[in-house]
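Novice: Sharing a structure with you now.
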Amino acid sequence: MTQSLTIRRPDDWHLHLRDGAMLAAVLPETARHFARAIVMPNLVPPVVTGAQAAAYRDRILATLPKGMNFEPLMTLYLTEQTDPDDLAAAHTSGLITSVKLYPAGATTNSASGVKDFDKVRPVLERMAEIGCPLCVHGEVTDREIDIFDREAVFIDRVLDPIRRATPGLRVIMEHITTKDGADYVAANPEGLGATITVQHLMFDRNDMLVGGMRPHYYCLPILKRRHHREALVAAATSGDARYFLGTDSAPHPTHAKEAECCAAGCFTAPIALSCLAHVFEEAGALDKLEGFTSLNGPAFYGLPVNADTITLSKADPLDIPKTLPAGEHTVTVFDPGVPLHWRVTR
């Protein structure tokens, strides 16, 4: 039985760092284990220009504790007013790594997102020309569509037409939550990848709802049925390089999560790798963990893998802190619901 596993240092291909006191609180939790992360641009106001991306990157680097080695990979928030020239300049210079598409109203701070996809077609065409990837929050927001069906409908109504109209565009389906999403990636070998979160590999909607509502498991896209979770585990542990880790670790003050109308997001960064080792061990696929966390993402983005390594060791259950101080507030750490025996030891 494997008791120790050394892998290339991982990257997180979907991360929320926030800003200000929250940024200062959560950044070390990612930088401790991850070398790079795709940083989400849905601040208030959102990061919509190259200048704003540069300023946000500078704030992140200024906040990074001394001695920690971490590279934020910046993104732009796509709007119907996005300037293709500004976007192209930011990407060509290496300032941004990708562009994020939020359908308006789909998730936290997405009000500035896209309503009319025809209005962003010229931008998408420019992105295809310059090789800038598009990260997609894949849900429709029509009120008549059930929240549990929004991903599948998005694939049919929005994503597939976008990809057919812009065949050179490289697309990342972020935080896929359904068998539909996993199957769509599997059926489209060129220019399409997908990130998968910790919570969607560990839990289904019963874990969130049965016996009482657990707000710290509430995220968007929402947890789905068990067979969808099983399909995600199969995809993540398959060794297929089109699937890679994007934690979507999304911190909110505890009072905003434990509220009558609670915020969406799970703060998984402190224990993400321990959770993943548990999932992959349960699936008999520890040998595939390095690909999912450390190799597949760089391959899709055309970036080098990290030179350094980390070691995960199996021992007595990990002592998981319940909360993390964040300025005047606290952030509740994701509860895995089971003892975690794997931890990063070096």
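Yeah, the Cβs are placed from backbone N, Cα and C, and that goes for glycine too.
From Swiss-Prot, here are the annotated features:
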type     : residues                                                   : note
BINDING  : His14, His16, Lys100, Asp248                               : Zn(2+) 1 binding site
BINDING  : His16, Leu17, Arg18, Asn42, His137, Leu220, His252, Ala264 : substrate binding site
BINDING  : Lys100, His137, His175                                     : Zn(2+) 2 binding site
MOD_RES  : Lys100                                                     : N6-carboxylysine
ACT_SITE : Asp248                                                     : active site
Novice: For Leu17 (substrate binding site), identify the closest of the binding-site residues Lys100, His175, Asp248, judging by Cα separation.
Specialist: Asp248
Novice: Per DSSP, to which secondary structure element type does Lys100 (Zn(2+) 1 binding site) belong, with helix, strand and coil as the options?
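Specialist: The three-state answer is strand.
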Novice: Compare the C-alpha of His14 (Zn(2+) 1 binding site) with the C-alpha of each of the binding-site residues Asn42, His175, His252, and give the closest one.
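Specialist: That would be His175, nearest by Cα distance.
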Novice: If you count other CB atoms within 10 A of each CB, which of Leu17, Leu220, Ala264 wins among these binding-site residues?
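Specialist: Answer returned by the neighbour count: Leu17.
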Novice: Other than His14, His16, Lys100, Asp248, which residues of the same chain sit close to Zn(2+) 1? List them in sequence order, counting a residue when its Cβ is within 8 Å of the Cβ centroid of the site.
Specialist: Leu15, Ile38, Met40, Asn42, Cys135, Glu174, His175, Gly246, Ala250
Novice: So, in DSSP terms, is His14 (Zn(2+) 1 binding site) helix, strand, or coil?
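Specialist: Where His14 (Zn(2+) 1 binding site) sits, the three-state DSSP reduction gives strand.
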Novice: Could you tell me the C-alpha distance between His252 (substrate binding site) and His16 (Zn(2+) 1 binding site) in angstrom, no decimals?
Specialist: 10
Novice: Taking Cα-Cα distance, which of the binding-site residues Arg18, Asn42, His137, His175 are within 10 Å of Lys100 (Zn(2+) 1 binding site)?
Specialist: Asn42, His137
Novice: For the binding-site residues His16, Arg18, His175, His252, which Cβ has the most other Cβ atoms within 10 Å, all shown protein chains included?
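Specialist: It comes out as His175.
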Novice: Please give me the CB contact count at 10 A for Asn42 (substrate binding site), counting all chains in the structure.
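Specialist: Asn42 (substrate binding site) is surrounded by 22 other Cβ atoms within 10 Å.
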